[in-house]
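These notes are about the structure you will find just below.
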C-alpha cells in the first residue's frame, strides 16, 4: 500500500520500515506531515521494571478499553462472539487450574512431610515410603498398641536388634538429630543456591506485591519448585515453624505462572493481582482446610484490591484446592475439616472469663514475639550473623532437635500435637492426656464422668509446660531464617478441677464441667491472633478447622481480646512488621493519617534542591532526552509546554521512553541525535535539511493525577491508597511545581512516626 504526501511523493510500504513508517515532508509547500512512530505497540512499552510500583489507574483503564473492544467486536461475527465468551470464562478456568495445582502440591507436601518426619525415628519394613501410622494400618496389634507394630522399626531396633536400654535411646537420639540437621542443611543450601526468594513465610512480600509492587522472580517457577521441596525439608527437620504461610506463597506462585496462559492476565498487572488474591485464598484453604476462611484471610490480611467478582472466584479456587488436597492425600483425614472435634458439653457463660484471659495471654505473647523476632532479625541484618545463614540454620536446628527429642510433645509433628490437644478424651484413647482412673460401673457410652487424673496426666502437664516454653523462645529465632518458615499454630491444654468452689454454680454431680479441648482451641486462636492481628478470618478458620460451630462466641471473645491487648502494645502484626523491616513500599490501608501537613511539604524538589527535571513537548532533541535519562534515575518525567511556562501536558515513563527511542534509532529512517521529539498531535514546518522528527505522543499519559500545593496530605495519602497511585504531580494555578511519589509518602509517614525515613529501600 502506497501513501502520497505533498506533491505526489511516494512513501515506502510500512513493512519495508520494520513495522513503522515515518516521513519528513518538510519543505513541501511549507507543511510537514508526521506519522506516529508507535502506531503499533512495541514489546516492553507499558511494562514495568523490577522494584517499581505499577500504575493501577492505567492498568484498569487498559483493561476497560480491551473489554470494550471485545464487546463491540462480538456483534460482528460468530468467531468474535466465541472469543468474547471464552474471554469471560477464562477467569473461572484459571481459578480451576490454580485450585487443582495448589491442592496437588499441598497434598504432595503433606504426604512427604509426614513420611520424612517419621523417618527421623525409624523406617517401615513393609515399604520404606510408608510413615509410622500408615505402616501399622494392616497390623494385627491391639488398638492400644496400634503405634507399636512389628512392621515399624526404630533405628536402634534396625541397627542393634533391640529398642530397650540406654544405648538404644542414645542411638535413636543421635539419629533424630542427624536427620534433622541433614534436612535443614539441604533446605538452606537449596534456597541459597537456586532460589533466595524461597525463604521465609512469603506473606509480607505477597502483601507488597498485591499492593502493586514488582518483585520479579518472587513468584516464578524456580521459586515454586525450590519452595515446595525445601518446605518439606524444613517442616520435617522439626524446626519450630509451620507450613501455613509458605503454602500461601506456593499457591500464589501457581497463580502467577498459570496467568501466562491467558493474554488478559499476562499483559495486565492489575488483573494479575486479582488472580493472586484468589490464589492466596486457595493457599490458606489448603493450609487449614478452610475455604471460607481462606477468602476472608485474603480479603482481610493480604489483598489490596478485592472486587466482588474476585470474591466469588476466590471461593471457587479455595474450594477446588481443598477438595483436591483431600483427594490427593488418601491417607489424610477423610473429612474436609483438618482437626474435626466432637465436643459434647455446651460452654457456660461464666467461661467467658477464662476465654478472655486466654485472649489477654495471646495478645501479650503476640506482642512479645513480634518485638523479639524483629529485634533478632534486625540484628541478623546489621551484624555478621546475616552473612552465615547456613551456620545459623545448623545451630538453631541442632538446639531444637537436642531439646525436642526427650519430650514427646515437641518431638511429634505440629499437626499431630494439635490434633491430640483439640480432641476430647474417649474410653479407648491411649494418650497420656487421657490417662484417667476408669470407673466402668458409672460409664455410659462415651461419657466419662468425674474420673480422677492418673499419673500420665500430670506427666503430660509438665511436658506440655516445657514444650510451651521451648516453642515460645525457639520460634523467635526460627521465624525469618533462610528456609521456608510459617507460624506454627500454638495450642494450649486445659485441666479442670470439678471440685473447686468456682465451678459449683454450673457443675452438677457426676457430670463434666468444662471441655479441656475447647480451651486448647481458644488458646490457639488467641496466640495466632496476637501475632497476626487477624480477627474475623481467624475465627472462621478455627471454626472450619475444627467444625465447632457452637464455639464461635468463645473464639470471637479470645480473638478480639488478643488483638486489643496486642494493639495496645504495638500496632503492627508480624507480617506488617516484616514489611517495614525489609523496607518494602507498602502503604497500609487500615491506618489513619491525622497530621496537618500539606502537599507542598512533601513534594520534591524541596526548597534548596535543584529544579524539577522535565521534558518539553516539542523542543527537545533525541540527544537531550538521552542525556536526561543517563543523568537521572527517576521512573518517569513530567512533560510541559516549555521550560518558561511550566504548563503541564502529561507524564511519560522512563522505561517507555528508553524503549521507544532505542527502537526508533534502529528501525526508523533518519532518526539521529539532533532529531526533535514531539509529544503533540501536529508538528510545525521544518526546513528541508532538517533530520526526521520523532513523535511519541502515544506513550504520553495525558491525564496524570494532580493536586494543588495546598492539598492536605491526609487527602493525598487517601488518594494514594484508594487509587493505587505511583506518583502525583503538584501544581499551582496550572503551573507544575513538583512531584510526590509513593516512596515520598511512605518516608513522610515514617518521619512523622519518629522512624528512619531511609528505611524505605525501594523506589
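Residue numbering: from 1, along the chain as shown.
The backbone N, Cα and C atoms fix where each Cβ goes, and this holds for glycine too.
Since we're looking at a predicted model, the values are computed, not measured.
Range 219-241 is the one annotated as transmembrane segment, of 219-241, 311-333, 426-448, 495-517 (source: TrEMBL). Looking at 154-171, 370-387, 388-405, 406-423, the range annotated in TrEMBL as transmembrane segment turns out to be 388-405.
When Cβ-Cβ distances under 8 Å to the transmembrane segment (173-198) are tallied for each of 89-109, 275-299, 388-405, 460-481, the top count falls to 388-405.
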